[in-house]
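K.L.:
According to Swiss-Prot, the protein carries these features:
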type	residues	note
ACT_SITE	C64	active site
ACT_SITE	H206	active site
ACT_SITE	D218	active site
Amino acid sequence: MSEQRKPCKRGCIHTGVMLYGVLLQGAIPREYMISHQTDVRVNENRVNEQGCFLARKQMYDNSCGAASLLCAAKELGVDKIPQYKGSMSEMTRKSSLDLDNRCERDLYLITSGNYNPRIHKDNIADAGYSMPDKIVMATRLLGLNAYVVEESNIFSQVISFIYPDARDLLIGMGCNIVHQRDVLSSNQRVLEAVAVSFIGVPVGLHWVLCRPDGSYMDPAVGENYSCFSTMELGARRSNSNFIGYTKIGISIVITNEAL
């Protein structure tokens, strides 16, 4: 795994405040997205036949958390999704967990906090961002367990200072928060938050999928990569202004206890 870029100390607090506008929200600059409305069901069949890991390009600007969770759940053997009120699965009467727009949309409604019909937005593209507690909620609805890792660094400290409710929300739902991630087992996947840098300046945060073998899936590109550094290279190829990803020390470990 490549060496992580160290954030510039100058103005780091200001940068942290700016980043918190998209706190773990899965937000990534619009110009970085290659395509928004992408259905990859055909691609799913191809990668499954090859026995490879799954990849999914996010449908919406801020749905990287949902797209990453969808791939993680499929790789961990989940094949059903709840037909909750207002979901596309309910409307189509389908309960299979597929690598398609229906399932990403249904998960995104949960991870963005728009699953409640009273606050449901007419335009899902404007639904908002995937927050840690809502990702954990969606993970549990899929029958999986999750805990949050919050390593001690400038990013996590700024986030905790500006958004103290984040920890309380997780604790309130009985989600464990630890300060160090253990070695992953084959029945685990990780949704990892990274800072996105353009022209050397952190401009947003983004969720990516990490696996026990060290490989990654970047939903902004919709591709799998052997390691963190090759994922950065893939992102650079998609946008000449992109500089890199920086790990911020916050991640969600997802486990299928049945495996």
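Glycine is treated like the rest: Cβ placed from N, Cα and C.
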K.L.:
Whole-number Å only: compute the distance from the Cα of D218 (active site) to the Cα of C64 (active site).
P.N.:
8
K.L.:
I'm trying to understand the geometry here, so how far is the Cα atom of C64 (active site) from the Cα atom of H206 (active site), in Å to the nearest whole number?
P.N.:
7
K.L.:
Around the Cβ of D218 (active site), how many other Cβ atoms lie within 10 Å? Please give the count over every shown protein chain.
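P.N.:
Around the Cβ of D218 (active site), 28 other Cβ atoms lie within 10 Å.
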K.L.:
Validating a neighbour-count step here. Other CB atoms within 10 A of the CB of H206 (active site): how many?
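P.N.:
Step by step: centre on the Cβ of H206 (active site), count other Cβ atoms within 10 Å, giving 27.
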K.L.:
Taking DSSP as the reference, which of helix, strand or coil describes H206 (active site)?
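P.N.:
H206 (active site) sits in a strand per DSSP.
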